[in-house]
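Enquirer: Okay, handing you the structure first.
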Amino acid sequence: MRRLGPFHPRVHWAAPPSLSSGLHRLLFLRGTRIPSSTTLSPPRHDSLSLDGGTVNPPRVREPTGREAFGPSPASSDWLPARWRNGRGGRPRARLCSGWTAAEEARRNPTLGGLLGRQRLLLRMGGGRLGAPMERHGRASATSVSSAGEQAAGDPEGRRQEPLRRRASSASVPAVGASAEGTRRDRLGSYSGPTSVSRQRVESLRKKRPLFPWFGLDIGGTLVKLVYFEPKDITAEEEEEEVESLKSIRKYLTSNVAYGSTGIRDVHLELKDLTLCGRKGNLHFIRFPTHDMPAFIQMGRDKNFSSLHTVFCATGGGAYKFEQDFLTIGDLQLCKLDELDCLIKGILYIDSVGFNGRSQCYYFENPADSEKCQKLPFDLKNPYPLLLVNIGSGVSILAVYSKDNYKRVTGTSLGGGTFFGLCCLLTGCTTFEEALEMASRGDSTKVDKLVRDIYGGDYERFGLPGWAVASSFGNMMSKEKREAVSKEDLARATLITITNNIGSIARMCALNENINQVVFVGNFLRINTIAMRLLAYALDYWSKGQLKALFSEHEGYFGAVGALLELLKIP
């Protein structure tokens, strides 16, 4: 045989006669000149396999005369494991003695270029080495499927996947191929409007997290959960949807109560909402924090972990229960900052509204039960605002813009204090029961007022006689202790906590020079007494300069912010 000039000076080539035309064709495409006297001999045992055809690999003359690629195909154990087994998966081209084409391409750049050209021809539908290319870019079904198998099994094939899809757009399906099979094989190869639409859908799917979409706010007293229920599920999506996902959606949306303590606030449901390109309803669910282990167990029973779900959670419980989520439910928690989620949630919910109604509202004539009105408020210019979050405790934030805010102060006397004291003083067992008792009580029998001390108003300092001078001040008297009812004690407790929060909020607003004060948090849920008292106190003590604002979804903003973080919505 003659030595081919363009190749390595120590390399000879040989190929079987049946493949000589294919080899000549490849060398011609590469621009390699082949002398007419070049001999193509039958293959040896250590030949290069390219999906059905064989070409002898380069042979290196060693001083000992031993063949470069091993003594025989049956004895290749002396080769390194990574050469015997390839690079993982099914290699595109392999030497029968165990060497991959990629390894040889590194040793011989010219051979590497030849093999690269062969891969390109295979991807363009040119068939196998030695098989004539069909005209007009058409390829046999066997060639296309072979290229697809290579791409699936080889890391290099995955890197060249975009090239394969673009090139395959010119191919024609094999006779007898089903329409569905053709559509799947040629996904993304259409050139009309349908192709653009399909590509956009696929792009959005890659950017969106997998269902289900949850946001969690695990507080000290209550857990708030928001769940997005997609309403635009296609027939194809429904067919591919796993049973555990269907079970979760049905369980959450078909029930109003979950066990003895879980509640879905149906009146707060946001309908026809668009999130991350999907249309659906946003559900709001709450349950006591002490039931969190039962919630985690339910997630395990419903096989949440098989859905690759990441729970975005905020609140102190995100740290407290992180290990339980991992060990019991096999679920990963993404812990988020509580105040960041709160700001994101309130701004987003205010922007989407409340099913055509205003999210924000205030009270007109709060001190007069007959004339008091709840009126909508347009928070179109929200900045600056003072945000008072009343949960178990209280945090007060000054918000100057979406990304510029600070925590001004807070207090430990919050909703948890009210409920805890009511449990001690009245024997109630639920927050709702405590509020119901407070609505029937009279706090003046418990508190010592200004008029109890001065006999009327304290005009010098502008203190009206009805103002509280000492919370629970009358309870120092044995006679008065015996005269009060549990309802009176509950009412006095509510007034005490609310007055303290209102006083701190007013001082913060004056110091920060902010006129809009927004009160949120689950302490205000179904708590009209506290809201009216806050509204009246701010208006009275500021002489009309401060306005107390409230929101319909008062306790769920942290959970909404966690959901937005899951979807990466600003």
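Including glycine, each Cβ sits where the backbone N, Cα and C put it.
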Enquirer: Going by what Swiss-Prot says, which of Ser146, Ser168, Ser178 is noted as phosphoserine?
Expert: Ser168
Enquirer: Based on what Swiss-Prot says, identify which of Ser143, Ser169, Ser306, Ser439 is the phosphoserine one.
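Expert: Of Ser143, Ser169, Ser306, Ser439, Swiss-Prot lists Ser169 as: phosphoserine.
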Enquirer: Per Swiss-Prot, which one of Arg357, Arg407 shares the acetyl-CoA site with Ser392, Ser395?
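Expert: For the acetyl-CoA site that includes Ser392, Ser395, Swiss-Prot also lists Arg407.
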Enquirer: Annotation phosphoserine in Swiss-Prot: match it to one of Ser37, Ser189, Ser197, please.
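Expert: According to Swiss-Prot, the phosphoserine annotation belongs to Ser189.
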Enquirer: Examine the ranges 56-68, 82-94 and name the one recorded by Swiss-Prot as motif 'Nucleolar localization signal'.
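Expert: In Swiss-Prot, the motif 'Nucleolar localization signal' feature sits at 82-94.
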